[in-house]
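Features as listed in TrEMBL:
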- 71-305: domain 'ABC transporter' (DOMAIN)
- 407-429: transmembrane segment (TRANSMEM)
- 441-462: transmembrane segment (TRANSMEM)
- 516-540: transmembrane segment (TRANSMEM)
- 547-569: transmembrane segment (TRANSMEM)
- 638-660: transmembrane segment (TRANSMEM)
Ligand SMILES: Nc1ncnc2c1ncn2[C@@H]1O[C@H](COP(=O)(O)OP(=O)(O)OP(=O)(O)O)[C@@H](O)[C@H]1O
């Protein structure tokens with residue numbers, strides 16, 4: 001193993017004089033190659049961090065998982081509604097602190113299912129016993145267990161350090177100071193050797209670095225047990241070896257590590273402490289990886305010389321059904337329990353010597369290396385932080401992300417460009433009768449373009465963010481309500497900057513109404529209409545799983561709202577005209593802005609007399625702007641329009657939150 005620089009927290013503390021000569025305690029981090037690094041973590045902080053990670057033995061006994069699959073998915077001609085499928089069949093094992101255990105087997109054999117089950121995720125249909133030390137799984141243990149998903153799910157615009165910092169601030173407990181949380185981030189950066197990409201946005205780092213960031217995100221809370229789903233997939237062999245070395249170092253700190261892995265190199269394969277080989281949800285080997293070939297040889301399956309043992313094992317289980325069946329039967333015959341006795345009388349002692357014993361299932365036989373209670377008391381609470389700090393941190397993250405995605409050069413150019421083009425199209429309109437329809441169409445453009453644009457942004461928001469949020473929430477990071485409120489508070493103001501710039505430019509170029517108060521009121525309506533549209537977009541994005549369905553629904557709803565709003569058809573069927581138009585949020589903002597535009601006694605000149613009655617046959621006459629309003633189909637007054645829009649905003653937001661909370665849009669696999 002190359003000389004790796006691994007940081008090991010020692011019990012030592014030293015007094016360090018700061019420049020101001022004040023005495024300050026620091027934690028000494030000893031590097032394995034002899035260097036010493038001073039990380040400014042307080043002694044209390046180091047104690048809190050190390051208390052987060054008691055040593056845990058994971059024991060599972062006869063764990064099975066059966067699911068009901070819609071029958072039509074398997075056999076389109078089936079008359080049944082559901083067919084039962086066994087994903088795991090009586091799998092047993094025990095994994096101790098300090099061990100790195102590999103789960104291997106052909107694709108679809110149940111590796112991810114076993115990892116999910118052991119980690120307490122997707123527990124429906126699971127039978128059997130799972131213990132952490134001597135305690136059964138409880139949701140409150142979540143923070144002691146880390147799960148590194150196969151996919152590296154992040155907000156990729158954040159840098160590596162920002163990602164780790166937000167996670168540390170959110171997930172480390174309240175009683176740890178901010179400085180200690182940041183020190184923990186620094187330590188993880190060094191431990192996982194990602195210092196050189198610490199300030200690089202995640203979307204630009206290499207696959208191996210991204211995987212380490214993924215692991216680092218889970219390690220920040222100093223978990224006791226780490227589950228990893230195919231952490232080396234997509235990595236070249238050097239990166240894969242480096243990653244497994246990191247896992248080995250973590251195990252040396254007393255962590256229990258269980259990882260699924262596909263076709264590891266010979267070096268990686270031999271480095272595991274235990275190999276659990278599955279086929280069709282059943283165990284076919286559980287023992288030392290270096291004994292696997294000898295075990296299969298007792299059944300007459302000999303590996304060619306110089307062959308990677310991992311490849312041979314995988315070829316064997318992938319070959320054909322009959323060999324898989326033979327291996328499953330052989331394991332059932334040969335397996336032994338913790339007291340060393342064989343379960344079957346037909347067992348072969350030649351084969352048995354290579355197998356690790358299965359746990360007996362008696363609670364009395366469970367081991368408890370650090371005799372501590374793994375379930376936090378009520379006082380410690382379900383969440384690491386209370387609502388407000390959680391929301392403020394999420395707000396800051398949302399603000400940063402929205403700023404990066406909304407205030408781009410492209411978006412700014414789009415807004416300014418369109419503002420100038422529309423300003424030129426409606427340039428310096430006279431206050432005369434023939435500009436009435438152009439003035440109303442300006443308001444229509446204003447009240448549709450930005451709301452439509454923002455609605456689409458809102459629509460795409462959850463489909464892209466959902467997987468990251470689900471991952472973070474699955475590890476107990478924060479409340480959904482904190483996330484949702486933070487997102488609403490942080491994104492709103494940023495999404496309103498460009499529309500405001502647009503209005504400032506185009507409004508005055510078009511000469512809508514020189515009264516500054518009117519300008520401000522129209523601005524308010526434009527911004528409220530945008531927030532309502534965004535809320536509707538969020539609702540559709542949260543409620544509909546499939547992005548394509550959500551976009552289709554949005555298109556149908558928007559066009560329908562415009563049509564029933566009476567913008568294109570003057571003579572709607574009575575029932576549609578009376579009831580339908582009140583559903584259209586475009587109508588409220590449009591009506592209000594039209595009233596604002598023509599508010600007051602501004603004098604307009606008559607031109608051809610085709611619209612205003614008093615102008616007929618009197619082209620040199622004048623009329624007051626408010627007289628023009630009777631020629632438009634104006635509904636309720638300005639104030640009411642405002643209240644209805646605010647009501648719609650809260651209704652759509654609340655429904656979006658409920659949809660996010662209660663509509664099950666995930667696949668059920670994790
Ligand atoms: N929710 C589900 N509905 C239907 N089938 C499922 C579900 N979850 C898992 N399966 C099936 O269970 C089997 C085991 O899946 P699992 O993901 O555990 O396999 P795996 O060994 O991790 O595969 P891979 O190596 O390809 O990731 C597969 O055949 C999979 O299709």
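Here the Cβ of each residue, glycine as well, is placed from N, Cα and C on the backbone.
TrEMBL annotations: computationally assigned, not manually curated.
Predicted, not measured: the structure shown is a model, and the values here were computed from it.
Where the transmembrane segment (441-462) meets the stretches 407-429, 547-569, 638-660, the count of C-beta pairs under 8 angstroms peaks at 547-569. Beyond the ends of the transmembrane segment (407-429), by six or more residues, the same chain brings 435, 438-439, 442, 445, 449, 494, 497-499, 501-506, 508-512 to within a C-beta distance below 8 angstroms of the stretch. Packing against the transmembrane segment (638-660) from elsewhere in the chain are residues 462, 466, 480-481, 484, 488, 521, 524-525, 528-529, 531-532, 535-536, 538-539, 541-543, 585, 588-589, 591-592, 595-596: each is 6 or more residues past its ends and has a CB under 8 Å from a CB in it.
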